[in-house]
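Taking it in order: structure first as structure tokens, then the write-up.
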Amino acid sequence: MSTPHLDAAPGQIAPTVLLPGDPLRARHIAREFLSDATEANTRRNMLGYTGTYRGQRISVLGSGMGIPSCAIYATELVRFHGVRRIVRVGTCGGVGDVALGDILLAQSASTDSRFNRLQFGGHDLAACADFELLRAAADAATALGIPARVAAIFSTDCFYDGDPHLMERLIRHRIVGVEMESAGLYGLAMREGLRALSVLAVSDHLQRDEHMAPEQREQGLSAMVSLVLEALAADPD
Ligand SMILES: O=P(O)(O)O[C@H]1O[C@H](CO)[C@@H](O)[C@H]1O
Ligand SMILES: O=c1cc[nH]c(=O)[nH]1
């Protein structure tokens, strides 16, 4: 069924979806990592593809930036395309003792967004990853010899400006990564019965003037993608 934001036909999207923010990262992943990848979405240029990895059907789709955009795609994937697992393959700003290229497995995602509170009577929701996916990713990292850290992260609505005291609050709570989608994705996953995990590469350091080039954010995150695909291969849906 075509939805407002996805033009994929029924069955065209696999039960497991990789969800990068950047649609061009989705295209790169499909081209470089999936076998027999075919186009599954072009609506709004939010590129999506379905192929196979080690015999398992896998889709990859851009989510756009921020919780509202990500939640639109995740909701339509679950409700209209029967998607059961979503792994966000994103970038984040690093805080404290992390370096560019480090890979974070986001166990929990705090947020300044009201998205989950709107669904939860104004209460705080503990937005957490699916444990089996988290464990599979940690095991895959060990097996591949890719250093990856299980971490607490923060999802912000404000790429620019926002809370002027955010950094000290993050350090105080030992939060080491800042991005813009995971808390919403995890909350939505809890409500929808979806299994979700965010795996993030540190692309900027928020206390130092260190940044990955845009091309690297799009095409230079192979270790992270390999880790995620191996984790999914070890734990097929
Ligand atoms: O690289 P992606 O996956 O888009 O993730 C991060 O990059 C974007 C901001 O530049 C936000 O979407 C943030 O979460
Ligand atoms: O949200 C993000 C993503 C990458 N780098 C940042 O500084 N913030």
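Cβ atoms here come from the backbone N, Cα and C positions, even for glycine.
In TrEMBL, annotation is done automatically, which means it is predicted and not curated.
Feature annotation from TrEMBL assigns purine D-ribonucleoside binding site to H5, E179, M180, E181, S203, D204. Annotation note: H5 (purine D-ribonucleoside binding site) sits in a coil segment as assigned by DSSP.
The annotation domain 'Nucleoside phosphorylase' is assigned in TrEMBL to 17-213.
Sequence annotations record features per position, and here TrEMBL assigns phosphate binding site to G21, R25, R44, R88, V89, G90, T91. In the structure as shown, the Cβ atom of G21 (phosphate binding site) sits within 10 Å of 21 other Cβ atoms.
Per TrEMBL, active site, proton donor is recorded for D204. Cβ neighbours within 10 Å of D204 (purine D-ribonucleoside binding site), excluding its own Cβ and spanning all shown chains: 16.
For R217 (site 'Important for catalytic activity'), the same-chain residues 6+ apart in sequence whose C-beta sits under 8 angstroms from its C-beta are D22, R25, T91, S203. According to its DSSP assignment, R217 (site 'Important for catalytic activity') is helical. Per TrEMBL, site 'Important for catalytic activity' is recorded for R217.
For the binding site of purine D-ribonucleoside, formed by H5, E179, M180, E181, S203, D204 according to the record, the largest Cα to Cα distance is 30 Å, rounded to a whole number. The binding-site residues in question are E179, E181, and the one with the fewest Cβ neighbours inside 10 Å is E179. H5 (purine D-ribonucleoside binding site) and R88 (phosphate binding site) have their C-alpha atoms 18 Å apart, to the nearest angstrom. Across the structure, D204 (purine D-ribonucleoside binding site) and G90 (phosphate binding site) are spaced 12 Å apart at their Cα atoms. Spatially close to G90 (phosphate binding site) yet at least six residues away along the chain are P20, G21, E179, E181, S182, S198, V199, L200, A201, judged by Cβ distances under 8 angstroms.
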